[in-house]
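According to Swiss-Prot, the record shows the following:
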type     : residues      : note
DISULFID : Cys233-Cys235 : disulfide bond
DISULFID : Cys267-Cys270 : disulfide bond
Amino acid sequence: MIYQTDNDKLYRYLFKDRAVRGEWVRLNKTFTDTLNSHEYPRIVRNLLGEMMVATNLLTATLKFKGNITIQIQGNGPLKLLLVNGSDSQQIRALARLQDDVYDDITLSELVGNGILVITIAPTNGERYQGVIALDKPTIAECLEDYFIRSEQLQTQLLIRSGEYEGKPVAAGLLLQIMPDGTGSQEDFEHLATLAATVKNEELFGLTAEELLYRLYHEETVEIYPPSAVEFHCGCSLERSGSALLLISDDEIENILTEHGGSIDMQCECCGTHYFFDKKTIEKLKA
């Protein structure tokens, strides 16, 4: 049974005697809202859920206001998968396919010759971008390698996505040595071994407190108040109109003529339709 109180929540916690920190997140309505306007194949849905969980876990490590974008770019059946999340745990995502996808396809087959790009964008400050090879079987393993190479922080990511009680769900754990250098490799490996025993039904069905007790009942764990996670697209008539105005006047006129005097622009993330006739476009130009 799913405990509703911990749906769409992110928890941070600290192992008091080990100098290791952790995070747990579960996406229920957030994941469903993301999928509502799309008919992705099962393997793409699950990968999208994994990427959303990873983005939530990474944004929770930010020490500043801003957002993180994680995207897969490839030349396989999956051309693009993009997730954007903010420090306030608002998230949006989309995928673009360019070929048919079968159920037992591997990540490397799905993406082809692809890369994972992480863009960290502070509200105030310079953007940072890292490019990661998709040379591991899972997104979680690729991101673990990223933390070791870019931040020299031993990190474990356990991410699962699928269905529970007939509904889409994605969840995950992050375990990381404290960046102040006080944590030991031995402590981290001990906790990582315990975390690796987690089952899907535990990630998908237990409360954070119950899950952490199940995994770490002999440890002293301080759990901090949770953050709510939600799907938030951010699209609007004005933003869609700004994109439309990048097209030349002649081309806009041709499109209006071809489509009976109204241009329909649909948001890729949430599926909302925005309609522009000649009068609306003239107002946007004013």
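From the backbone N, Cα and C atoms, a Cβ is placed for every residue, glycine too.
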Using DSSP, would you call Cys235 (disulfide bond) helix, strand or coil?
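Going by the DSSP assignment, Cys235 (disulfide bond) belongs to neither helix nor strand, so it counts as coil.
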Rounded to the nearest angstrom, how far is the Cα of Cys270 (disulfide bond) from the Cα of Cys233 (disulfide bond)?
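On Cα coordinates alone, these residues lie 6 Å apart.
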Reduce the DSSP letter at Cys270 (disulfide bond) to three states and note it down.
coil
I'd like to know which of the disulfide-bonded residues Cys233, Cys235, Cys267, Cys270 has the most other Cβ atoms within 10 Å of its Cβ.
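When each Cβ's neighbours within 10 Å are tallied, Cys233 tops the list.
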Fill in the CA-CA distance, Cys235 (disulfide bond) to Cys267 (disulfide bond), as an integer in Å.
7
